[in-house]
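Down below is the structure, laid out as structure tokens.
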């Protein structure tokens, strides 16, 4: 088959340029009145630019003179004068009242301009149009009214801007343009961050109703009972979906040839500026992009969620619905089960799919690029660059901006690579998209059925016929499937090495798995259980259970709560200052699973942490149950001591920590004051250990600061 080399970057560069600049000028020149107005505006703009250049030159000269007269001592003196007493008004001055006045004035002006005025404009408009009942039925009257006010403000500013341009009020036109840009960017941010994720969240919920045996009536009742919570949950789910879809696109960009995903914005592009796009692009472009995004995201949800559910209900009628107890949280449960598949498994499947189908359809060059040709182009690029620089002819009158653009584009179009275009290219692309949709559909079917089926089958040996939350069954099935796939791939990789090597590897991995299980039991089992039980005794039980009732403890819930607290404590420890626990955790992370040191983990990490937690649990219990009854107190007092001793000891520990911190701070303050008042100088002296030997050579001390 004959193939032609096509440069995607050149094509896009040609498409972005105007087709006929002379024709455009001719169109403008057909109307002499418009041309005269444009000439007048250009003359006024040139005059304004000349004045601005003169002012900038004067400011530059003044700035240079200020730099010549700059004195660091004056700045230091001003910083010393700005003390807390002066800022808070404790020195008797009125600076504090001036600061308070400015803060209150700015806050009042901000609320008046950005909240009060738009709300009342929207309110009067809604009442005048007769839409007040519909807005009240939405349960978000204030928000909708304010958004309507902003929209009316934007329309008013557009009209006023056009009138100012018509009567040639340049300063008013610029001021109205700046105000319109502020309102426009604010509305676009609300649409991009608020409305679009909300639409995605509701669409996900609607497409997943049959998975949980729910109806739209249930969602309506949920919205009427708690509208704020319902909207927030759907917005959160939609935002998570948008975020992971963007992450998935970034993963695809790392695999595919630059230029394949030209129709999607590259978030990693250093030149990408969303605020600048909001300012420069017109409203219809943003509206078209918003509609296209809704269509793409909605189609993906239909392909990977709604259609697989329909197929599952047709092929396996008894498999659905999922066993979930919280019907209002079904969508979050779905995401918890599916995000791992969406982020980790799906990119690998897509990569394998592309590398298989592209070879079969002869699209490898278009999707993944040609490595050999890229290397040859990289070798030839310095020679072409040298020839281009030697043959460059300066163009008179283009200025610095044109020269800068020429320098930037010397290396050719950025973000594109040449590829080989095969015969019947559109048909091949269409077949690729069809095969990709089929692959995504099959992958969704497998991920929605196989982990849950495996988890239900494994859980049935433990719980029998009792229904379990599908979160646990899906998590169990995912782990089992992952371990099975991992074991099979490892065995396939070991097969060519022989039976002896396989036995040696199995022995090593068995030993490593045993060590990992022991560490997991200690750090992921015992420590979270003790930590969760301690949190239950210190915080939860005193707040939730009265003194005349007996608290009940659930080990599974305490363990889950302890896992959460352990992760938070570990993260805070790694971000905090250097101490023994941070050093040990960093060492364990550095060793990893392959080089796991069981003796080091037990001696340095597990034993100290478990000892501290056991002491925190046992010592208060021994005091309350063993020492207090010996004092001859009443039963009510014994019950009070048993229930309140844990929070009391926590308060004592926190108070001791605060006191010790304050003592250290006062010592540092005392040393600082003493050094400022009496310190004359500091001298660096060599450190020598005391020894009985005489005649040790010493060097004269070196003075470092005096």
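Counting starts with 1 at the first residue shown.
Backbone N, Cα and C atoms are what each Cβ position is placed from, and that goes for glycine too.
Because TrEMBL annotations are produced automatically, they should be read as predictions rather than curated entries.
For 1-52, the entry in TrEMBL reads region 'Disordered'.
TrEMBL lists 33-52 with the feature compositional bias 'Acidic residues'.
Counting same-chain residues at least six beyond the ends of the transmembrane segment (100-122), those with a Cβ under 8 angstroms from any Cβ of the stretch are 142, 144-150, 152-153. Residues annotated as transmembrane segment in TrEMBL: 100-122 (among others).
Residues or ranges marked as transmembrane segment in TrEMBL: 142-166 (among others).
The transmembrane segment feature in TrEMBL is assigned to 178-204 (among others).
The transmembrane segment annotation in TrEMBL covers 232-252 (among others).
What TrEMBL records for 290-312 (among others) is transmembrane segment. With a threshold of 8 Å between CB atoms, the same-chain residues lying at least 6 positions outside the transmembrane segment (290-312) that come near it are 191, 196, 199-200, 203-204, 207-208, 210-211, 241-242, 245, 319-320, 437, 440-441, 444-445, 448-449.
The transmembrane segment annotation in TrEMBL covers 324-343 (among others).
Residues or ranges marked as transmembrane segment in TrEMBL: 429-451 (among others).
Here TrEMBL flags 471-495 (among others) as transmembrane segment.
The domain 'E3 ubiquitin-protein ligase MARCHF6-like C-terminal' annotation in TrEMBL covers 501-674.
Below 8 angstroms of C-beta separation, residues 551, 553, 555, 557-563, 565-566, 569, 593, 596, 598, 601-602, 605-606, 609-610, 613-614, 616-617, 646-647, 650 of the same chain, each at least six residues beyond the ends of the transmembrane segment (516-539), sit close to that stretch. Taken from TrEMBL, the feature transmembrane segment covers 516-539 (among others).
Sequence-distant neighbours of the transmembrane segment (559-581) (same chain, 6+ residues past either end, Cβ-Cβ under 8 Å): 524-525, 527-533, 535-536, 605, 609. Annotated transmembrane segment per TrEMBL: 559-581 (among others), in sequence order.
Positions annotated as transmembrane segment by TrEMBL: 601-624 (among others).
The feature transmembrane segment is assigned by TrEMBL to 644-663 (among others).
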